[in-house]
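Note sheet for the following structure.
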Amino acid sequence: MATHTTASCTGSTLLQPISEIINLPLDQVNFVAGQLFALLMAVWFRIYLHPSKTSPFVRHVVATLLGFYLALFCFGWYSLHFLVQSGLSYSVMVFAGLEHMHKYCFIVTLGYLILCQITRVYVFDYGMYSADFTGPMMVITQKITSMAFEIHDGETHTVFIQLLLSSSRMPSLLEYLSYNCNFMGILAGPTCSYNDYMAFIEGTGYQPRHQDNANANGKENGKCRQSEPSSKNDVVSKLCTCAVTLAIYLSLCKLLPVERCIDEDFVNNTPFHLQVLYLYLAMLALRPKYYFIWTLADAINNAAGFGFNGYNKDGSPRWDLISNLRILDIEFATSFKLFLDNWNIQTSLWLKRVCYERCPINPTAATFLLSAMWHGVYPGYYLTFLTGIVMTMAARAVRHNIRPYFLGSASHKCVYDVLTWLATQVAISYTVVPFVLLAVGPSLHFYRSWYFCLHLLCLLVVLVLPVRSRRRQPPEPRDAVQEERRADHNSTDNNCNQKDKAT
């Protein structure tokens, strides 16, 4: 077992003794150690390389070099793929015209990612290798394509949100590499807007956004004079969440394996309602792993000063700009959509911006297909996302046709929420089993043991219940966009004035 783990890890073997002592794969130990090192570097980065003390150039260089070091530590020479993928896409950006640059960049970046995934799975047969080098490439793919679309939208912004995210200039090579490979996000992301990252590097991320320049009422360049918000409380809170979720995962993951759901003795001798309960608990035991990874990544970015997202109503700072999940909203989600909206948030936003909002034909199916392609080439991914399409359509039909009958009173609404919570948890667990099992045989074996009951039920719901067409709103005219920006500016001015009076 240990020999296989050592052979599978392409990164540093410095922590091999620790891996053997705690009986965890070396690649996982390297990942956690790398993230803890990144956390320490993030604190150092914010204190000693603060924008008020050094230039954006130095911050870019240090962030990039530290990122490359972590990549080499965890993945060895395979981290060169990060540079190759980034270099190919940057060449496309430089030589392709603005009109089609985002499309070519999308094809090249995603194509290289899929090629690496095919090579890793089917040529070198790494199988279940848990910290493979294509993980960071998935995040880099998101960043590169997001940047390409932002640059394109900077010239042809069609809707207001695209205007807010658009970039008006081509990044330098250093800025580009820093955005893709900085130490805060090289191992686990999350994806972020290029404009938000540049605001963090330049030290302008703590100021109100999207305002005209004006000097009045105690403001400089249309921005409030305010002290830099502290992220200490949020970082400590997120690290405590990491400790709890890691302890839960290590305690339960081996007690509740998903593979038991396809064990012949278990299927033949366990009542169906207990099989459903076990499936829910097995999936519940898996989620803390992702809670740990994404919350730690968020804490690292916050510790470096990245992730500020304005203030709450009570005046406390919000550090959720690039947060990737909302744990309570996930565990108590009352619909398939609510679950997905709060799970892997930045990936959902990326899929929405590059696919759902732009695909003219069946955007829901196209988005699920892109998500499957982005995740990898295991057949289980495609089974999961194909099932997800049917689940989403059925959930939408139920919400449109059934929910209005339960809104007459609070008690009826409570009953509806409980029933939909139960249905959502079972549907999610049922849908993601192939995502965990990966192979076609075990996945179909599981669905056969359930007689494909949820597939058939969802198809019946879609066929019987009518669903209103989800037509997207036409693009806003330029004057409407300007009017909304003006309203945003006036609202922020009022907030600034209130703070000045309070001070």
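Cβ atoms are placed via backbone N, Cα and C, with glycine included.
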Of the residue ranges 246-267, 290-311, the one that TrEMBL records as transmembrane segment: 290-311
Between the transmembrane segment (29-49) and the transmembrane segment (380-398), are there three or more CB pairs that fall under 8 A, provided the residues in each pair are separated by 6 or more in sequence? no
Close approaches to the transmembrane segment (61-81) from elsewhere in its chain (Cβ under 8 angstroms; 6 or more beyond its ends): 10-12, 27, 30-31, 34, 37-38, 41, 45, 49, 112, 116, 131, 133, 136-137, 174, 177-178, 181-187, 201
